[in-house]
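According to Swiss-Prot:
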type     : residues       : note
ACT_SITE : Glu697         : active site
BINDING  : His696, His700 : Zn(2+) binding site
DOMAIN   : 450-794        : domain 'Peptidase M60'
SIGNAL   : 1-41           : signal peptide
Amino acid sequence: MSLSTTAFPSLQGENMSRSPIPRHRALLAGFCLAGALSAQAATQEEILDAALVSGDSSQLTDSHLVALRLQQQVERIRQTRTQLLDGLYQNLSQAYDPGAASMWVLPANPDNTLPFLIGDKGRVLASLSLEAGGRGLAYGTNVLTQLSGTNAAHAPLLKRAVQWLVNGDPGAATAKDFKVSVVGVDKTAALNGLKSAGLQPADAACNALTDASCASTSKLLVLGNGASAASLSATVRARLQAGLPILFVHTNGWNQSSTGQQILAGLGLQEGPYGGNYWDKDRVPSSRTRTRSVELGGAYGQDPALVQQIVDGSWRTDYDWSKCTSYVGRTTCDDVPGLSDFSKRVDVLKGALDAYNQKAQNLFALPGTTSLRLWLLWADAVRQNIRYPMDKAADTARFQETFVADAIVGYVREAGAAQKELGSYAGQRQQSMPVSGSEETLTLTLPSAQGFTAIGRMAAPGKRLSIRIEDAGQASLAVGLNTQRIGSTRLWNTRQYDRPRFLKSPDIKLQANQSVALVSPYGGLLQLVYSGATPGQTVTVKVTGAASQPFLDIQPGEDSSQAIADFIQALDADKADWLEIRSGSVEVHAKVEKVRGSIDKDYGGDVQRFIRELNEVFIDDAYTLAGFAIPNQAKTPAIQQECAARGWDCDSETLHKLPGTQHINVDQYAQCGGGCSGNPYDQTWGLNPRGWGESHELGHNLQVNRLKVYGGRSGEISNQIFPLHKDWRVLREFGQNLDDTRVNYRNAYNLIVAGRAEADPLAGVYKRLWEDPGTYALNGERMAFYTQWVHYWADLKNDPLQGWDIWTLLYLHQRQVDKSDWDANKAALGYGTYAQRPGNSGDASSTDGNDNLLLGLSWLTQRDQRPTFALWGIRTSAAAQAQVAAYGFAEQPAFFYANNRTNEYSTVKLLDMSQGSPAWPFP
């Protein structure tokens, strides 16, 4: 039987039969009631038919109806795939091994494309295409060079595949000397490969890709990554549509290829991720049966079992939730048997749909995507009926159905629907936010080579928004909605599935001067995502249909009084749930209530002071302490003098470059705990520039392994020099004494005294002070080690205002140790005896951080500080100790700076620990 025109059913090829009305509805009491329900169902049928074309799901509420239609479509696809694959495979060997230097080739449009070879690990190694009514086959490696060697066993199967390409029937032999045009790959090797498969090709001696006359006389076009043509994807598709079969072989190893991506797109296929098969080394084993291969190919990307669950409502009810675990307020259920498999299946579906979002492709405008459209419409209909909160155990069916629907969002479309209830993410006023009826022009400055920045507008739920950018130079641009990380939805916590699971959208690609229409069920803050940019360049963004949230954009050196006045007016209007602030090197994406509360309570409503301190007391304070090269800001004279005396480069923008823009999410939940580091970092309390938690989380982004004692044992300690410094400064400059019991000098001293009494004093102190691996163990005691050096440096320089300079110098030191020319600079950095740059491990068993601190502090203070490190139970390597000995500095007797305050340094008392353990000097 010929399989040449076996295309999968789609909107273009078939008027799909409608699903029957569910039987249980017909059993409802009363003929009139039943008739009314039937009429309603018919109306939903009509809405569904229209939505399959337009994407407008705003009136579609019957998710069961959509699921039935989806099930029919998935079954049609499975049957058609089964017929095609069964005819191709026959009883031939399934063995195929492309090796590590190969790429995956994935079906993109499931109605018209399918896997040909699926490895044992589930990776698609070759795919078939019926796109545009044609026939195509694509491999993730140049299989034509392998048929006489590593993949000789595959030759018979390739022969049948080529016969199907050329004749539409895998059993129909190709004619002798059938013309083959080879483009973008070695011609001789390609033709010899076809001969190795038992075929008899002849060189067409022309380019069927670019020459229509050649295409009309050729029987097969073989393409490799070296092919080129204007509008390559469109040209490939046109050749398919004209009836020219195409065989593509990826010739770029495990690397991605722009050319390959365009060719595959023309075939309705897509290239795998970076690295391809390099890590998985997937293959089809010789033991694979024809039945199994047909089963895998028929179900790939469709998950008929999941569809059946949805149709029947047969959600699993026996998950063992006792296996869930909780940590700092967030429950995870990774260890629940069976749950991971379910989650992975949903992730596969999400990935397939997000691939279209990322490429800014509207599924409702692409042929061959009926099943994917139905998935989107089913999820849209489910969202119409979501009610929060839900609980994994008490609301089993609703929970799992929502879990699946949350993963399925089509953003790129002309019309869609709003999710009526958004839970803890946003209230009803977000649904009713007015949007612009005309195009707005916004100019954005890109502060770094890559990152993202607030556009200053937001999408309203369910409303169409159009966005385009003008020439962005060499920068690659995308648009995204929202900035929350997935952990900000605490679905596994008891009754806390109370907001959508994926508030942050995928990055949606933008091309210069090409409008992209977006509809989000949730709405959200718009972000411009960029890479390959020139820092400081501007981009013009044109948006239509956007809503305006309170947005404060402070431009350095400009009068911001009007911007602040407008921001205050927008806050006072109380018409938005979210706001954004862009000021200097920080961007805040926050719930209005979390910022407004802090401004009113902590700043007496003074927005200008709040913004000033956000920059100066919070962000700039931390970056200055860490010694970064801040534009238009010189280092203090004391720091400059220390750098010059040692021959250090402390001003290089390459060595000491500022981090990119720091983003802050201020929301109901964080990725982890109440605050969670990263960029963005998350916090759940009101944003306060003087707050401890703000600088604690920012400090996590600035802490480095070379300044950690015992690696991770000070993971929650070394970051705290930033809030400690800020609190010291706030007391000194503003007279406000915050967090004054953070540093536990007294207990640190007691632990040291007890440890020193053992036969091995260093081991005794280590056991008491550093051995506990708990994340927050002995936090205040361990902090006391870091403040010792502030007090020591202040005494050494006889200037209390210089005390914190020691940590600035240590940051400047470690970046030069990390990045500067080693041989040229190691002596100036105090590493003269080290032939190689030292390690940089953050492991608790490593001494890398201990060593660097010992060397850096000894080198800066011009004293041998080994006694004090031993006093604190800090082990260092023989190499580090030998280096300190080589300095020839006088030994600094062990010391301990005692205090009964955290921020007030005038009360500090120095204890000489070299002759024993003096009495604690405070009551």
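A Cβ is built for glycine as well, from the same backbone N, Cα and C atoms used for every other residue.
Locations of recorded Swiss-Prot features on the structure.
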residue	record	CB count, 10 Å
His696	Zn(2+) binding site	20
Glu697	active site	26
His700	Zn(2+) binding site	19
Rounded mean pLDDT for the residues that make up the domain 'Peptidase M60' (450-794): 96
